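Student: Take a look at this one; I'll ask things after.
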């Protein structure tokens, strides 16, 4: 097994995840079995209880792990499901080391960072690669070189080359080269200091990857090579591109894939990048355009909805369309002019979330979509919102609400799942991961998933609340279609409600699941692809003259 470690320097949020995922895509395109590991040096066990404003979205894997959003980047770029144990945190490592000490596994040794903590880190990395059956393991070390939290992880990856041999371990360091407009020059000093800092802990990078606004000129590349002792043909420019899916092509053009093969002693192979080239071509030169309004509460932090935004991009690729996002603050919708805020949208999407803030605005967004025949897609909370709105205004259940928002509501059409009543603690206790959805024949969602006669599909979940089975009959009598269920769930009659839709509407579909977590650039999520297709046909843009979009330069 080969190991590629990616570290970062100068500043955080340089894009190590996207750069690492792009390299993974190049290796996958060459036929290698690749997996990815993300190391997060925080003491949390996982990302599940973190604030979206601080950390971005929580990405849920098929196994139910609540992970860093970069795991989502790896799944999308590598087009595979990342196995359990691939998001390693300081909290996980120390919890296991302390458990072993209490169990007597260390046989009365003095437990220390070296070797006990570093050995546990190395064990977890190797196990992740073995579980994936990988030939090459990409390991991204979160944070910045020089952070005190990262030191045990840097020591562990330093030991890897000693343990595994030079030909099996590769170090890539991502740094920043800022451009100063006042002097019209790229500044390499931060990169020089960052590499020196990395060397001070015993790691010499084999490749330096540089984040910059533009592709670095040859003289700057030569300067970086000289002062970092890295060969010039192993200094790569990770410059700003129009879309992240262009980055694999930009790095391949510079020869990154070949350099990695050479350094790892692999035979050079030719990558098959046709699908990436086609996707980028559509992204840059779409023939159509559509505007989607997202009614959420984290609208100032797009990373809180990263997978959802990427899913809309994938749906745009499938429909040869540019998807423009209109962010709508759900709190402002509650008292605002809906026509002004939603009238120019071709489709309305209400995403997942927790808490009461902005709920009434989201309900108004669902009502607007229903009454104005605007395509609507509800995700997780967005489905619960649609059910509340329908119960209030169509089924005649005045005061209908969710027990999450109003425990004293006269009609709790959304209620806590019985399995959650005895749950203690917040971390890792929701209904998580892949669950089956049995889709009814003849429904819109069954058609979207390619099983018009009905069938079972699997999607990822992250929730504690569900449609109250006591109200399913009344909602159906009022015309709401329960189009998907998880069968065989105790106390749910026909099953736990997984999806709903409104017949006769151009597109009104909502799911309890999070299908955005399984969407890929070349395999878009069926609900998202169908939603964008409906928005293209039904929205204001479809009526505008000259729908074809001028090609971008």
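Placed from the backbone N, Cα and C atoms, the Cβ positions cover glycine too.
Straight out of Swiss-Prot:
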type	residues	note
REGION	1-266	region 'Amidoligase domain'
BINDING	12, 187, 188, 189, 190, 191, 192, 223	UTP binding site
BINDING	12, 147, 148, 149, 187, 188, 189, 190, 191, 192, 223	CTP binding site
BINDING	13, 14, 15, 16, 17, 18, 70	ATP binding site
BINDING	53, 353, 381, 382, 383, 384, 404, 464	L-glutamine binding site
BINDING	70, 140	Mg(2+) binding site
DOMAIN	291-541	domain 'Glutamine amidotransferase type-1'
ACT_SITE	380	active site, nucleophile
ACT_SITE	514	active site
ACT_SITE	516	active site
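Thinking about packing and proximity, how do these listed features fit into the structure?
Tutor: In sequence order, no residues are near residue 189 (UTP binding site), counting only same-chain partners six or more apart with C-beta under 8 A.
Residue 191 (UTP binding site) has a Cβ environment of 28 other Cβ atoms inside 10 Å.
The Cβ of residue 16 (ATP binding site) lies under 8 Å from the Cβ of 6, 7, 8, 70, 140, 141, 142, 174, each on the same chain and at least six residues away in sequence.
Cβ neighbours of residue 53 (L-glutamine binding site) (same chain, under 8 Å, six or more residues apart in sequence): 298, 300, 301, 304.
According to DSSP, residue 140 (Mg(2+) binding site) sits within a strand segment.
Residue 380 (active site, nucleophile) carries neither a helix nor a strand DSSP state and counts as coil.
Under 8 Å, Cβ to Cβ, and six or more positions away along its own chain, residue 514 (active site) finds 60, 307, 352, 379, 380, 459, 460, 461, 462.
DSSP classifies residue 516 (active site) as helix under the three-state reduction. The number of other CB atoms found within 10 A of the CB of residue 516 (active site), across every protein chain shown, is 28.
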Student: Taking every protein chain shown into account, which of the binding-site residues 15, 17, 353 has the largest tally of Cβ atoms within 10 Å of its Cβ?
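Tutor: Per the Cβ count within 10 Å, the most buried is 17.
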Student: Can you tell me the CA-to-CA distance separating residue 13 (ATP binding site) and residue 191 (UTP binding site), as a whole number of Å?
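Tutor: Cα-Cα distance, residue 13 (ATP binding site) to residue 191 (UTP binding site): 15 Å.
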Student: At a 10 Å cut-off from the C-beta of residue 464 (L-glutamine binding site), count the other C-beta atoms across all protein chains.
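Tutor: Excluding its own Cβ, residue 464 (L-glutamine binding site) sees 16 Cβ atoms within 10 Å.
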Student: Please classify the secondary structure at residue 190 (UTP binding site) using three-state DSSP.
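Tutor: Once the DSSP labels are grouped into three classes, residue 190 (UTP binding site) ends up as helix.
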Student: Quick one: of the recorded positions 192, 381, 384, 516, which has its CA closest to the CA of residue 18 (ATP binding site)?
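Tutor: In terms of Cα distance, residue 18 (ATP binding site) lies closest to 516.
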Student: Is residue 464 (L-glutamine binding site) helix, strand or coil when read with DSSP?
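Tutor: The three-state answer is coil.
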